[in-house]
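Colleague: The structure under discussion is supplied below as structure tokens; questions concerning it will follow.
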Amino acid sequence: MISAAALITFLACMVPSQAQHEPGYCTFYEECGRNPLIDGALIPPIVPCYNYSQARFLTGQHYRRLKEVCPILDRGEGNTFACCSINQLKSLEMSLTLSKAVLNRCPSCAENFAHMHCINTCSPDQTLTVNVTKVMNVTYLGRTREAVVGYQSYMTTSFADAAFTSCKNVRIPATGGFAISTMCGRYGAKLCTPQRWYDFQGDSSNGLAPLDLDFKLIKDGDTTDVPKGIVPYDGQALRCNEKTPSGSPACSCQDCQEACPSVPPPPPPPSPFRLIGIDGFLIISIILFCVLVAAFLLYLSVSCFIKSREKDEEKGKMMKKKKKDKKQSSSDVTEQVIHPEDVTCTDKNSLVAQAFLSLQFRFWGTTMATYPLSVLFASALVVAVFAAGLKSIELTTDPVELWSAPNSRARQEKDFHDKYFGPFFRTNQLILRAPQREGHIYDSLLFGKQNFSGIIAKDLIIELLELQKQLQNITFWSDDLNRTASVKDVCYAPLNPSNPSLTDCAVNSLPQYFQNSLENINAKVNMTELGVTKEVDWRDHLIYCLNSPLSFKDITDLGLSCMADYGAPVFSFLAVGGYKNEDFTNAEALIMTFSLNNYPRDDVKFKVALQWETEFLKIVQDYQKNPKTNFTFAYMTERSLEDEINRTTAEDIPIFMISYAVIFVYIAVALGEYSSCSRILVDSKFLVGLGGILVVGCSVLASMGFYSWIGIPSSLVILQVVPFLVLAVGADNIFIFVLEYQRDVRKPGEKREEQIGRVLGNVAPSMLLCSLSESVCFFLGALSTMPAVKTFALYAALAVLMDFILQMTAFVALLSLDARRQDNNRCELLCCVKVSSKHSNKPNEGFLLPLMREYYAPILLHRFTRILVMLVFIFMFCGSLYLMMNVTVGLDQELAMPSDSYMLDYFKYLYTYFEVGVPVYFVTKRGYDFSTVAGINGTCSSVGCDPFSMTQKIQYAANYPDRSYLAIPANSWVDDFVDWLNPGSKCCRLYTLGPNTGKFCPASESAFLCGRKCMKTPSDGVLRPNVQEFNRFLPDFLGNRPDLQCPKGGLGAYDTAVVIDETGEIIASRFMAYHTPLTNSQEFTAALLKARELADNITLGMRQIPGTSPDFEVFPYTVTNVFYEQYLTIVPEGLFNISMCLLPTFVVCCLLLGLDLRSGLLNLLSIVMITVDTVGVMTLWNIHYNAVALINLVTAVGISVEFVSHMTRSFALSTKPSRVERAKEATANMGSAVFAGVAMTNLPGILVLAFAKAQLIQIFFFRLNLVITLLGMAHGLVFLPVLLSYFGPSVNKAVLLQLQQAKAKLDQDQEMKNNSRRAYDNISYDNNEKSDTGDEAWSSSKAIERDVEERMDRF
């Protein structure tokens, strides 16, 4: 049977031998019917009859038809001959129409394409270029004739190369790709050559060619392989920048590089700042360091020279000072004689300010301590009222709401885009690998040897298909819909958005090349090519589809389509990843993407989408745990990012609680007095520490409650950072207050409440200075445009203020109650238990104060140590300035994930295997008239368009992807609409019969019903609708489903890209391009900046077009813009915010110290250095600068105030004779309290944060807060005392004068008493008198000391 069939086929398909090759003769003529060798063709494969005869003379309709279809053969009526019938011309026109649908954008290309096929089919010298190789008997309508089913066409390479060159750059606006990629089979656009291009056209397996046509490209003058009598066709092909003979203009720049105007390349990115070939910032930092060091050394030299004259006097004073009691500071100050005229205005102001504040706080503290229970009740009541607002607290978890200001440009652009086009669809994606699988080499009949990676395997594709179907079939009960829901309720269905089925939902994956059909994957067939017969299977189909994803039929005998089951193409970069040089079958990963519609958060379907994504995650995670799974993969859903951020926040709450607990334990232990073992439970301060913690907590609750009352939402950042900040600030004040109380001795006759008031009067001005500076700092920080920073600043400002108020009220009351208990010798936790040992009346200095006074301060302020400290900190400052200039700006989204998040794997896979970046839309607003010829030319990129039109400028930018970050140029609904209107295609026709006469007729309808084109062929070859035609046919274009007959239909690609109002005006439209793969925040930010620059340039150009509104605008929109826009301005905004925080620290310090400018400047300098050094260490420790870091830097300013301001005020109020001694006193007294209250309070809690799972907390809360605390401690306890010892303000002479006058008055009063007593005393009691006089002198000395101390207290 097989032998007989082969014999019949051989006899039927014989090669004719009688054919001759001479001018004026035809090889075939007329149509003989369908080609019996072709099954499953996309258009009827009608073949011509073998007919060696003279060319026909054409007249009448026959001539006119030839002139329409093949004008290249027109020699004028009465002088035109051809070898094709009217029926052949009709079939040729149908075939050319399909190609012209994508080639008509470039008239010369379309002309060249038709040129060759017209020569083959209709040339009067057909026998000279055509050699029939295969004929076959074909029966049609009962008549059997000999038909041509294969022939060779000879042409010169010069003609073929020129024709190919004219077409190779023609674009498909809908995809941004090249039209040649759909016409070159397996090779695609990149590997296409003239020979391959013609081979595909002549391959009958492509579904379009009616027979096998073998194109022979012969080099000029080479006759080696040319049959006798054959003359290769050597016509003149048009160049793409030439006009056609019919008058059509040259192709546009986008389709023809030769037609492009001279456009300079975009400027390269700015080169790094350099001086003499070295980093410019490094040079500047070195110069600054040298200048500062030189200035400091010069200052030292001048100071030494001036002081050398007074050296002996200074030595004398120091010797006297050593002999005196160190505690009696009043006798030191009185040795210096101050005259009233020596007192400056600043000294007077400082004295008045300090005396006023001290007196007011003394009275206030006494009052609070006198009525502790009432104060506590009132404080609790106020806090309760404020905290009641927490019932309506609103936590912002949406990243857009957190980091993008409502009035920011990106937010407004997002709102505009979402209003008119809807939110960007929700992406749910898997990226799969099979690293253990080995690849193989497949020897394909059609494509030769091809490498197949391990993951491109049939069993894995089937496994992926099974997983895909499982995900597609997800169902769940929806309370919002009150029914069972599935993916079709929320899926993105571009070709059937109103009532989608499961197969209408957009799922992009490799199985879609087989229409998700297991039968298609398993299909195989024997195929003969060039005399070789081999089996073709899924691999041949896959190779073809990966290179030609827009094909409706492959070139194998399988005859399968490459289109997805939902009707759209699946581009290669959406199906596979990790390939190089478009070697798709060697890809390392498979990609599967489910696209869902996105809905506003108040839409019921938003919750349905969330539910589906939850079920999606369950199935994927179960699949990942299955030991039988052959894939290693990463996955994500649209909700994953927000879910993981919320999860890590919830999981790390215990870490924060432990951190607070550690701080609480430290405070409770450190505040206690430990003079004897028997009084440990009496002198401990556990309840005071607990009370201090409660005060901090109440201040935070009051702040949050207040802002909840007035409708300002909170965030998880606030919950994490604000309590930590307030605890740091509050603990410092608690330590200063309690330690000062412990170090004080109650005066004779002084009540406990009065002592507390007096102590508060001493320290409260310092507490006010810090708290007020921080609160004003944060209130000014609320000027930030970033919502997260703004709300944090507001919450922190009020919390710090409330903390100070509660410390001045509730905490004073708590300390009063605790002091009463301690005075009664009652145990702290067991109040009914008393101990017998009495409390010592001596001041309790603890362990730290003597240590710092005896050892630390003298060593630090040694003259050599001071010089070393200054040099080291100057070096640190200059080095940090240099590092600050190199800090990385941005926040990579993976840092927001916990360290064990599945999203980290996804980001890693995404950056490694995805070959194209996110889509970017160029959106037009109202005010541009697209319907006019000028409006069309200003946006399109095809023939007749402005060379600097909107889409053409995007194309120019895409030619430099490394600078513009554009990988694929924008699609253009305007271009496709014009192509759709072209009468050369079947897309736009009108019904001429039936009830719909005059209405739009789709290409799928019969030509019998639709005999009229929408538009006539233009005389100049440039098709442009008028305003009426534009407005009439645009809705038809947008609703036309693309198919083989009309691939330019706008449904799916453009139906949501154009928004028309009720008057017919286009109020919004968009043009989609693709970014290059963007892997970090720096690239996202740069891409945003370049896209905006391009859009601004386009806007300026389009505003010049007549009829355009002056406020018309084009802007780029990418879904990520709202997150990365902040990095365009975060540096200047950060400088502004930090400056706004630094300003109040200077102003408040000056005001509260009585306009002491020097103290204010030194205070400010220290805080600035802490901030600069912090940013420098951020660079070294790879901590990026972003909004979270900015929040911490604002916090750093607040904490720095605690480290610095207390010390500065203590130094300013000291009355020691020299700056060094005053610095020692401030370091010992206040430094010990700052170290215990700020540094040691923060450090234990910060160290606990190192165990948090969230990378964001590890980096920006552990690392950064550790840096801030250590640098604050170093500057506050090391650098500042040294700085003050050199440049601090002089001792306040107003204080010295007041103390001097007080002592003189006491001495005068005492002398008068002594003189009076001597006049009346009896001489006989001489010895007793001497004794009494000695007692009186001792009493007088004590009286003077008490009076001076009281004046100092008031001061």
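The backbone N, Cα and C atoms fix where each Cβ goes, and this holds for glycine too.
TrEMBL: automatically predicted annotations, no manual curation.
On a predicted model such as this, the values are computed, not experimentally measured, just so you know.
Residues or ranges marked as signal peptide by TrEMBL: 1-19. Feature annotation from TrEMBL assigns transmembrane segment to 280-302, 369-390, 653-674, 686-710, 716-739, 759-786, 792-817, 867-886, 906-924, 1161-1181, 1188-1208, 1228-1252 (among others). Here TrEMBL flags 315-335, 1308-1355 as region 'Disordered'. Summarising the annotation, TrEMBL assigns domain 'SSD' to 652-817. Here TrEMBL flags 1308-1320, 1343-1355 as compositional bias 'Basic and acidic residues'.
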Colleague: Count the CB pairs under 8 A between the transmembrane segment (867-886) and each of 369-390, 653-674, 716-739, 906-924, 1161-1181, then give me the winner.
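Modeller: Comparing 369-390, 653-674, 716-739, 906-924, 1161-1181 against the transmembrane segment (867-886), the winner is 1161-1181.
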Colleague: Does the transmembrane segment (1161-1181) make contact with the transmembrane segment (906-924) through 3 or more Cβ pairs under 8 Å, each pair 6 or more apart in sequence?
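Modeller: No, since the transmembrane segment (1161-1181) and the transmembrane segment (906-924) share fewer than 3 Cβ pairs closer than 8 Å, they do not count as touching.
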Colleague: Okay, the transmembrane segment (653-674) and the transmembrane segment (1228-1252): do they have at least three CB pairs under 8 Å, pairs separated by 6 or more?
Modeller: yes
Colleague: Counting Cβ pairs under 8 Å that are 6 or more apart in sequence, does the total for the transmembrane segment (653-674) and the transmembrane segment (716-739) reach three or more?
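Modeller: In contact, yes.
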Colleague: Taking pairs 6 or more apart in sequence, does the count of Cβ pairs under 8 Å between the transmembrane segment (792-817) and the transmembrane segment (280-302) hit 3 or more?
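Modeller: Answer no: the transmembrane segment (792-817) and the transmembrane segment (280-302) share fewer than 3 Cβ pairs below 8 Å.
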Colleague: Could you name the stretch, out of 369-390, 716-739, 1188-1208, with the greatest number of CB pairs under 8 A to the transmembrane segment (759-786)?
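Modeller: So the stretch in question is 1188-1208.
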Colleague: Mind checking which residues reach the transmembrane segment (369-390)? Cβ under 8 Å, same chain, six or more beyond either end.
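Modeller: Distal contacts: 698, 701-709, 752-753, 756-757, 802, 806, 809-810, 812-817, 819.
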Colleague: What residues in the same chain, six or more past the boundaries of the transmembrane segment (686-710), come closer than 8 Å to it by Cβ-Cβ distance?
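Modeller: Long-range Cβ neighbours of the transmembrane segment (686-710): 379-380, 382-383, 386-394, 660, 663-664, 667-669, 671-672, 718, 722-723, 726-727, 730-731, 734, 738, 791, 794-796, 798-800, 802-803, 805-807, 810-811, 814-815, 818, 828-829.
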Colleague: So what pLDDT does the domain 'SSD' (652-817) average out to?
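Modeller: Taking every residue of the domain 'SSD' (652-817) together, the mean pLDDT is 81.
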